[in-house]
Ligand SMILES: Nc1ncnc2c1ncn2[C@@H]1O[C@H](COP(=O)(O)OP(=O)(O)OP(=O)(O)O)[C@@H](O)[C@H]1O
Ligand SMILES: [Mg+2]
């Protein structure tokens, strides 16, 4: 079981209110990702769930039991830290065994579980090394191993991949997704990375200044953002947001159109513009187009081989049914 | 940018280092030499360095006049006892200050240190009266408590600087892994801080071993440590320098040996944090 309900949770550090009031339901087996700009309170929220910080108000209910006052050790959750936080004075084996030892499990069972975890995480060759003798990726695996051996009610991850290089990150991302499919244990995952959020999550929670802006599946957030903030935050490159006369034509204060929903032509279209920068990624080309309809360059996605260069004149046509409309408060008009 | 070390500079610094080293070491060397002289040679002018009749007479006299072992054992009890007591209180205190600091933590630390600036004699009367009242005069227990209290600020400070270097997330990981407070401290924090704790123990043992004010004022015989042993050889009449030197050598010998073998540890402990 791994059901976590946050009810009217508040958190302040002294005078500074970080989380004003927040309700969130995390159901058993879900993969929930927290995203939001730096400093919005993602880590704080995770640490409140873990019990590493005390709530200022509200309740945290884990599997139907009020856990608000429980110390971290009693909540049955496991955490993987950004810095891995391995015990430097213990071997890999002892690191992974530590939570089992704390639980008072007998040695034979500890050995069996550690060996199994080490095998599934490809750590058997390093089992007697100290953390200092491991690479970043291996350390990350040890941290994950230490979390899975005790079969917790839920896993908490705080940007676990941000210290790894790009290639390793992709590999570990898949491993964590596989782990989730295999264990079917609730996972709460904090990240900055769009791709991690979109690919791993069952449910994304978008936070801003301690508020939940929207909760939903990755596709819901992508296709129906509730407001301009979520619209701008989910999706990469960012959605183009236009105001003024163009928005007025659609009876909105602001309209949003994603780079992949602008049709590109060199001969005709709705908006005329000049290419300022073109970024060729191989599979795609991203163009930053200066146009009189908007004071910032519009981002457009084109095919990888699209023959265009800085200074060229292009025409852009938004796909009508993919236009997002927002009112004066920034809320989506449906 | 690496500074180029010229040969000339190297010679100058070497000579300077040796000079400073010798100046610091000279009193111990002089005491050592004096302890093998006769009382007359010990006060002869001009002083003799090595060209005297080396004798073990002083050591023999001392052995016959007092029980060295009794004093030494007291020194061991007092220094180890006060250090053990100190760690029991200081480790949790330093843990709290390093890992859950508040706005006032720095103030508390400074205030603790400021107690070291009060001259000990300022509290002699109240402490003496307390000792009389509780029948603690000339008892090891009483002295252990006093030595523990006077060194506590230093132990807390040293451990605090060490603990500050340990990432808090590792302790949080231990908490998540199901460790309670006791296990967190004994199985994760303490093993990681072993070098720091070791040098703290060492320094505190040395400080307690050498502490003379309280040990002289609060003991007579039963609990008297080596400081009292030395003092007993200074007498208002007659020549006593040679015997006093021999007594001093005997008193500092154990700590000198311990210090010699652990000097690396000690230097590292005292300069820890200063280089970061
Ligand atoms: N112990 C603390 N004392 C005071 N303020 C804190 C403390 N911990 C966090 N904060 C503040 O709370 C806010 C949220 O911090 P938090 O670490 O949760 O952000 P985050 O969303 O995880 O950011 P990032 O993406 O950069 O990791 C920040 O403004 C931070 O300064
Ligand atoms: Mg964070």
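For all residues, glycine too, the Cβ spot is worked out from N, Cα and C.
TrEMBL has this to say about the protein:
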- B:72-262: domain 'ABC transmembrane type-1' (DOMAIN)
- B:12-33: transmembrane segment (TRANSMEM)
- B:76-96: transmembrane segment (TRANSMEM)
- B:108-131: transmembrane segment (TRANSMEM)
- B:143-163: transmembrane segment (TRANSMEM)
- B:184-207: transmembrane segment (TRANSMEM)
- B:240-261: transmembrane segment (TRANSMEM)
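Highest Cβ contact count with the transmembrane segment (B:143-163) among the listed stretches B:76-96, B:108-131, B:184-207, B:240-261 falls to B:76-96 (criterion: pairs under 8 Å). Listed by sequence, the residues of this chain that lie at least six past the ends of the transmembrane segment (B:240-261) yet keep a Cβ under 8 A from its Cβ atoms are 28, 31-32, 34-35, 37-39, 41-43, 58-59, 61-62, 68, 71-72, 75-76, 202, 205-206, 209-210, 226-227, 229-230, 232-234. With respect to Cβ pairs under 8 Å, the transmembrane segment (B:184-207) is most closely packed against B:76-96, considering the stretches B:12-33, B:76-96, B:108-131.
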